[in-house]
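Okay, structure first, notes after.
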Amino acid sequence: MEIGGSGAPPPLLLLPLLLLLGTGLLPASSHIETRAHAEERLLKRLFSGYNKWSRPVANISDVVLVRFGLSIAQLIDVDEKNQMMTTNVWVKQEWHDYKLRWDPGDYENVTSIRIPSELIWRPDIVLYNNADGDFAVTHLTKAHLFYDGRVQWTPPAIYKSSCSIDVTFFPFDQQNCTMKFGSWTYDKAKIDLVSMHSRVDQLDFWESGEWVIVDAVGTYNTRKYECCAEIYPDITYAFIIRRLPLFYTINLIIPCLLISCLTVLVFYLPSECGEKVTLCISVLLSLTVFLLLITEIIPSTSLVIPLIGEYLLFTMIFVTLSIVITVFVLNVHHRSPRTHTMPAWVRRVFLDIVPRLLFMKRPSVVKDNCRRLIESMHKMANAPRFWPEPESEPGILGDICNQGLSPAPTFCNRMDTAVETQPTCRSPSHKVPDLKTSEVEKASPCPSPGSCHPPNSSGAPVLIKARSLSVQHVPSSQEAAEGSIRCRSRSIQYCVSQDGAASLTESKPTGSPASLKTRPSQLPVSDQTSPCKCTCKEPSPVSPITVLKAGGTKAPPQHLPLSPALTRAVEGVQYIADHLKAEDTDFSVKEDWKYVAMVIDRIFLWMFIIVCLLGTVGLFLPPWLAGMI
């Protein structure tokens with residue numbers, strides 16, 4: 001552009017403006033140029049002839065004092081398997097270099113400058129217990145140089161230091177990891193270390209989610225190594241770190257405790273349900289799957305067994321032992337007299353002594369088939385009882401049941417019409433009649449075989465006793481033609497007076513039901529108003545009746561012949577009674593074995609509860625005593 005061309009201001013107007021700008025900007029620009037020129041001149045003067053390989057001392061005998069400090073920024077990881085601790089730290093170093101001094105007045109009051117650390121001498125301080133990576137600082141940051149020769153250098157570094165990790169109380173463990181810093185080539189006569197602070201600086205520490213630093217103390221040490229005759233100094237920082245157990249408590253400890261509790265419940269489950277072994281195996285499978293999931297969580301080290309590993313092993317043995325004991329208890333529960341005989345000491349210990357110690361009460365389960373059969377017969381007969389009162393005829397029912405017998409019920413057909421007054425039946429031959437085994441009609445029980453009330457002379461009923469005697473009278477052809485005998489059943493119900501009953505109840509039955517015996521003189525005679533079903537025209541001097549079992553101990557018994565049908569019936573009743581008695585005995589012994597199994601279950605229930613509690617206390621007590629909880 002041409003000066004003075006069209007559109008340009010006149011030169012006379014620009015001249016004052018340029019003068020004003022020049023007077024205002026000239027001092028600042030000259031000052032900036034002067035300071036930059038001063039630093040440039042300073043750097044040229046400091047590094048002209050500077051050798052970074054020689055120690056910064058005036059005399060060869062002087063010692064370079066290096067002030068050393070450590071500031072931790074983050075605890076990255078603690079590897080229990082590889083025994084390493086990874087940290088992010090700032091390595092603070094400070095020393096004096098007499099060759100790097102100047103007078104600030106000569107250089108526009110420049111008191112400090114930042115220079116590349118590669119240009120100056122640096123102490124070769126390394127991490128002695130480095131496990132992986134570089135021993136020294138890899139990122140060479142700039143150093144801060146002061147006019148008096150003091151050099152400050154704080155490079156960042158990520159170290160993987162070796163750490164002897166003790167996982168005995170895992171996850172309630174506390175580790176002591178060290179970081180040892182010192183010069184690798186210079187001994188104490190050349191370089192000596194001085195600690196800046198007694199503790200590690202944690203002002204810029206980023207909190208970890210798994211570990212917390214309890215304390216970090218630095219100590220100064222000197223050591224003479226076998227390789228060299230010189231003494232080498234070092235500063236060792238001890239990091240006391242504690243694991244935060246919340247994650248392991250929720251995901252590791254609580255499930256183990258719950259599995260142990262499930263194992264205890266196995267012994268509280270009744271043996272009758274049949275699910276004890278199923279529950280044991282389910283608990284074992286769940287524990288196995290759980291162990292597969294936590295393999296990566298537990299420190300895989302062979303130096304020591306972690307406490308949680310011991311507890312898991314304890315739980316595994318706990319569950320396995322519960323399966324073995326459950327199988328044994330079920331074997332005891334299903335024992336019977338046919339397979340095992342209960343020893344006397346087992347009965348004494350597990351049925352008498354141990355239940356009292358455990359405050360156990362045996363369930364009242366009683367099975368008496370003999371008496372149940374009698375009761376069912378009473379219900380079928382719709383009668384108060386078949387047998388006399390205990391006080392008037394003691395021991396009849398009890399003796400029958402105790403001997404393994406079951407009294408056969410007697411039934412009789414009631415006539416549709418009222419029974420008229422007729423003479424008693426008399427056999428033409430005055431002998432015991434034959435018993436017929438065919439053409440047996442259905443029988444219905446007497447309405448009240450237990451007691452009959454025939455009217456006396458005054459019309460008032462008199463209490464008499466009842467006897468049911470199984471007979472079958474075969475009438476002769478003449479009697480059948482006359483139609484005087486009307487017997488419809490094998491069983492005839494006789495009602496005798498109290499005097500007659502007393503004579504019959506003086507003695508207890510002593511013989512077998514197969515041999516039915518009585519005295520003919522003691523047989524009751526049918527009353528005219530008897531409710532029984534056989535009515536005759538004429539009385540008989542000797543009653544032709546065959547009784548099941550009657551007679552006393554005073555008079556000699558007389559045996560009467562029985563029909564084959566009655567004999568088979570008595571044998572069947574005896575067989576049923578023997579079978580029911582044996583079944584009652586077997587049932588009683590089986591109940592004893594079941595109760596023994598219940599007692600064993602209760603013993604192991606309390607044992608496993610105590611062991612589970614002791615195992616839980618053993619898991620938490622040692623770390624608590626060590627001050628880690």
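Placement of Cβ uses the backbone N, Cα and C atoms for every residue, glycine included.
The topological domain 'Extracellular' annotation in Swiss-Prot covers 32-249.
Annotated N-linked glycosylation site per Swiss-Prot: ASN59 (among others), in sequence order. Its Cβ placed at the centre, ASN59 (N-linked glycosylation site) has 6 other Cβ atoms within 10 Å. Under the three-state DSSP scheme, ASN59 (N-linked glycosylation site) falls in the coil class.
All protein chains shown were included, and the count of other CB atoms within 10 Å of the CB of VAL78 (Ca(2+) binding site) stands at 22. Residues or ranges marked as Ca(2+) binding site by Swiss-Prot: VAL78, GLU80.
Under the DSSP three-state reduction, ASN109 (N-linked glycosylation site) is assigned to coil, being neither helix nor strand. Long-range Cβ proximity for ASN109 (N-linked glycosylation site), meaning a same-chain Cβ under 8 A and a gap of 6 or more residues, is found for none. For ASN109 (among others), the entry in Swiss-Prot reads N-linked glycosylation site.
Annotation comment: Swiss-Prot describes CYS163-CYS177 (among others) as disulfide bond. Non-local contacts of CYS163 (disulfide bond) by the CB criterion (under 8 A, 6+ apart in sequence, same chain) comprise VAL78, GLN83, MET84, MET85, GLN175, CYS177, THR178. In the three-state DSSP classification, CYS163 (disulfide bond) falls within coil.
If you look up Swiss-Prot, you'll see ASN176 (among others) marked as N-linked glycosylation site. The DSSP secondary structure for ASN176 (N-linked glycosylation site) is strand.
Per Swiss-Prot, the feature disulfide bond maps to CYS227-CYS228 (among others); the stated evidence is similarity to another entry. The DSSP secondary structure for CYS227 (disulfide bond) is coil.
Sequence-distant contacts of CYS273 (S-palmitoyl cysteine), defined by Cβ-Cβ distance under 8 angstroms and a gap of at least six in the same chain, do not exist. Sequence annotations record features per position, and here Swiss-Prot assigns S-palmitoyl cysteine to CYS273.
The average pLDDT the prediction assigns to the topological domain 'Cytoplasmic' (333-603) is 55. Residues or ranges marked as topological domain 'Cytoplasmic' by Swiss-Prot on the basis of sequence analysis: 333-603.
Here Swiss-Prot flags 504-529 as compositional bias 'Polar residues'.
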Inset, instruction - Look at each of the disulfide-bonded residues, CYS177, CYS227, and point out the one with the fewest other Cβ atoms around it within 10 Å. - result: CYS227
Legend entry - Distant-in-sequence Cβ neighbours of ASN176 (N-linked glycosylation site), under 8 Å, six or more positions away: ALA238, PHE239, ILE240, ILE241
Legend entry - Cβ neighbours of GLU80 (Ca(2+) binding site) where a neighbour is any other Cβ within 10 Å: 20
Inset, instruction - Using DSSP reduced to three states, classify VAL78 (Ca(2+) binding site) as helix, strand or coil. - result: strand
Legend entry - By Cα-Cα distance, the member of recorded positions GLU80, CYS227, CYS228 nearest ASN59 (N-linked glycosylation site): CYS228
